[in-house]
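Engineer: Not my notes, these are from Swiss-Prot:
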type	residues	note
DOMAIN	116-348	domain 'ATP-grasp'
BINDING	146-208, Glu230	ATP binding site
BINDING	Gln297, Glu310	Mg(2+) binding site
Amino acid sequence: MIPKEEIMGIFEKYNKDEVTIVTVGSHTSLHILKGAKLEGFSTAVITTRDRDIPYKRFGVADKFIYVDKFSDISKEEIQQQLRDMNAIIVPHGSFIAYCGLDNVEDTFKVPMFGNRAILRWEAERDLEGQLLGGSGLRIPKKYGGPDDIDGPVMVKFPGARGGRGYFPCSTVEEFWRKIGEFKAKGILTEDDVKKAHIEEYVVGANYCIHYFYSPLKDQVELMGIDRRYESSIDGLVRVPAKDQLELSIDPSYVITGNFPVVIRESLLPQVFDMGDKLATKAKELVKPGMLGPFCLQSLCNENLELVVFEMSARVDGGTNTFMNGSPYSCLYTGEPLSMGQRIAKEIKLALELKMIDKVIS
């Protein structure tokens, strides 16, 4: 892990009046960049030439850093270009996937918003389970391997893969059949199979809950809630049951979009309690904790119990559903507030208070 002192040494050489907020052109970059501009920051996007159109058309980026391929963002010349523009990187799922988690931890020497040490805790299922379970949150039962399957389960794989390759099954035979099909299609590798995470299939309504922990205020804020459009499952459920049986199609769970929702108000105490518990446990296990945005992906069962099946330890894709604010985020200020602008507000306040060390790593 890059020492915090080294990152702070880099930041001390910056022109503090000309800080640029930078992210990779993908995932949640539109509201990250727009939010930064609304708070008066210069912005830059890292992109390839065939993917720069949204950032030009929407006018969210002041500067463009072009790479031949997104994995080039870890190259030293790109890092130096970022340092020269006094950059603070805002990481999201695509940034981590393209840069590589090992590079983020050990070689990417550019100041980054949030706690870069916690990113591995969302990527590795055992660490994620340790954090979620240690927080006292209700999580699905975990199975040690396919031979332990004794009922409906969901099979997942590590990393930010947008649900690609996930599948449900009920028997060990079905597990290996589907593994074989996905390997044949090139969706899964043998290494993926070795890291398969098998958990209880929880029946319930899906809620992805987006929080922001402010280290400057020591407070967890509820920013918004969304649900996902997943292919092919959301298309299959529109097919009559008798026709589904004739089609014999195994559903997939690839995230293709998101839509905003509100949760019944009587569940909000449970929602806040979950966020508070996770933030508290994160301070203990991965100091300095869960800085900035995080997400708990949950299912609400018929007993109105929220079961957390996954977390994001950085800005989650579902925050795109409230680029102009959510029914919850607007309650804090009375004005529209995206997650991107909330991040920029925290950076701006940290600079004003000379407490930037509290929000970057």
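Sequential numbering from 1, following the chain as shown.
Even glycines carry a Cβ here, placed using N, Cα and C.
Structural setting of the listed features?
Structural biologist: Less than 8 angstroms from the CB of Met154 (ATP binding site) sit Pro140, Tyr166, Phe167, Pro168, Ile198, Glu199, Glu200, Tyr201, Phe309, each of them six or more residues away in the same chain.
Counting Cβ atoms from all protein chains shown, Gln297 (Mg(2+) binding site) has 18 others lying within 10 Å of its own Cβ. DSSP classifies Gln297 (Mg(2+) binding site) as strand under the three-state reduction.
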Engineer: Measure from the Cβ of Ser170 (ATP binding site) and count the other Cβ atoms within 10 Å, all protein chains considered.
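Structural biologist: The answer is 13.
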Engineer: Where the distance is taken from Cα to Cα, which of the binding-site residues Ser170, Lys178, Lys194, Val202 turns out closest to Gln297 (Mg(2+) binding site)?
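Structural biologist: Among Ser170, Lys178, Lys194, Val202, Val202.
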Engineer: Averaged over the domain 'ATP-grasp' (116-348), what pLDDT does the predicted model reach?
Structural biologist: 93
Engineer: Could you check the binding-site residues Lys178, Lys194 and say which one's CB has the most other CB atoms within 10 Å?
Structural biologist: Lys178
Engineer: Just counting, how many other CB atoms are there within 10 A of the CB of Gly186 (ATP binding site)?
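Structural biologist: Its Cβ has 7 other Cβ atoms within 10 Å.
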